Each structure stands twice: as structure tokens, then as C-alpha cells.
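Taking it in order: structure first as C-alpha cells, then the write-up.
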């Protein structure tokens, strides 16, 4: 295979396919999720405590450092980068990083995308498209403005709708993500699905995950998606399809709407056997698994020298520790999360 090496930032990027990182179980790691901030302008009850303590800003990597880290991963075979948070679009000057990552598309990287709550989309949609972002995920758990305010604690539903409108107008494809919550939005799922499919958007429903101490009781929130699917099949014809986006969702086609519906089931049917991702936090911590605590400190290697050899070695060592699967359980006895850190730190 012929390759040509170019340089973006401090890391070398291969303009042809780099050899992918392979974990101990033979899985290629080609997907990097980057939590650019732990801060969010919402406080969704299943994700955060109301009075969260956030990381001191001095502890965060600079956007230039995040760019350098991402470049190193692209040089090591990562094809897709997703920016997450917290809420990624509340990070000051975040579009600098988006633009830098967009410049890597076609130079080793296939796609830059992000997951957002939609609150800042109306301001950034056109620039996101200009930077090379072609599809995003928007988290939306209800279409009822009052319920939306309750679940987010103070979110503005109208602002999110404006953001979705702006993104679609800019040419960005949207997939809606909805966390399935018992006795909150389970009865509303048909309406959410019709809304999404009516606007040309896929909908993915997600089981709540036991991460971080929150004010709510997760045993009260938890809804197995097997039950949700059974309920939906009383009204709709769902046919399993072989459609993949590089993530863990298993998709069906809904005959009555013509749209796609995805199920992400970390609790009832985990997706670990095909896991292709690692997660980088805004402090330079690399988590090899969403549901495990083992992590690698890449910040030390990043700041030790301007040469990337030490950083590449640290990444290689971390990949050798990627586990076979997660340890998610809903602890009904002690009501403790399976993982102490909040989703907003890891980025989902």
C-alpha cells in the first residue's frame, strides 16, 4: 500500500488508510469520542445532579491540545470523531476545533460529527456545515414543552426546535436521540417517532445508564427497550434491517412512517462485541470503555514534549487495556451507579 504522510498540527496524518489500532479482542478502534467540556446549559435529571460541581477551567486541555490529540488518533487509524460534552457548543471558541478537525477530512479522517442538546444550534449550524459537519445527533426526550423543562430542569424547548430548523436548513442531517424513561416518555414515543420521521430524521431510543450520582432513582427511571419495542409493535410494523452508522444502535424500518428507528440497549443487550471506540475527556483522560473506570492519562504525554512519539506510545499502551465489555447493572439494593463518574464527564 502506498501512503503519503502529511502534517496537521504536531501529528503526522496518513493520506491513505493508516493501520487501525487493534484491541486485545481483535476489534479495530476507528472511532474517537471527544468530550470537549463537562459543562452543559441543561441539567437533565438522568444525566446530572442539579447542583453539579464542574471541573476548574484551568484543568481543561486547550483547544489546540485537543486538536493535537485528535491528530494523533487519526494518524493511528481513527476514521470518525464525534464531539460531545456536557454540551459541546457551550465550549468557548469551539468552532476553532471543529474547523481544524474538518481540515482532516480526506487526510485520514472520514467524518466529524457531534452530539448536542440543540440549544446552541441556531447560532452555529451554518458554520458547522462550512467546517465539514454533515450529520449530528440531537438529544430530545419529549415534545411537550412543560415536560421538557422538567427533564432538563430549565431548558427552552422552543430554542431547541429553532436549532433543529437551522441545522436542517443548513443541510445537516439530524438523528434524534431519546432516552427511554419509564412513566415519563414511554407513552410519547409514537409521537416522537412520527415527528422525527416526518422531518426525515432517524430516531434512536436509548436505555438509561447507571453513571454518576443523580437526584433521581434510576430503578424508577429504567425502561427495558424490549418492552418499549413490544408496545410499539402493537401500533407499528417494525422490520429489522441491516443498517449501520458506526455506532451501537440496532435499526428497524417502520412501515407506517417509512423511517428508521434505532435501539441502543447497554443494559438488556450490550453492544460490546463490536465496540470500535474510545473516549477522550477534556482533561486528556482516555477511557477505553464507557462502563469501566480504567483510564489512561494522555495529558502528561502530550505536555512532556512537542514530539508525538511519547503520545503515540501512551495511546498504544492504553489500547492494550481495552476490556471485553462493560459492567453496567442497575443496583436496586443500594441505588448506586455502576460507574461513579457522570456521563457529562465521559461524553456518552
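Glycine too: its Cβ is placed from the backbone N, Cα and C atoms.
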Kindly point out which candidate in 282, 289 is recorded by Swiss-Prot as part of the [4Fe-4S] cluster 2 site with 272, 275.
289
Among 115, 208, 305 - the residue Swiss-Prot places in the same GTP site as 33, 82, 175, 277, 278, 279:
115
Taking Swiss-Prot at its word that 86, 139, 209 bind S-adenosyl-L-methionine, choose the one of 31, 46, 251, 287 listed for that site.
46
In which DSSP state, out of helix, strand and coil, do we find residue 272 ([4Fe-4S] cluster 2 binding site)?
helix
Would you count the other C-beta atoms found within 10 angstroms of the C-beta of residue 40 ([4Fe-4S] cluster 1 binding site) for me?
21
Have a look at the binding-site residues 82, 115, 272, 277, 289 and say which one has the shortest Cα distance to residue 46 (S-adenosyl-L-methionine binding site).
115
Can you check how the pLDDT averages out over the domain 'Radical SAM core' (24-242)?
95
Cα distance, residue 47 ([4Fe-4S] cluster 1 binding site) to residue 209 (S-adenosyl-L-methionine binding site), nearest Å?
9
Integer Å distance between the CA atoms belonging to residue 40 ([4Fe-4S] cluster 1 binding site) and residue 115 (GTP binding site):
12
Return the single residue from the binding-site residues list (82, 86, 209, 272, 277) that has the minimum number of other CB atoms within 10 Å.
272
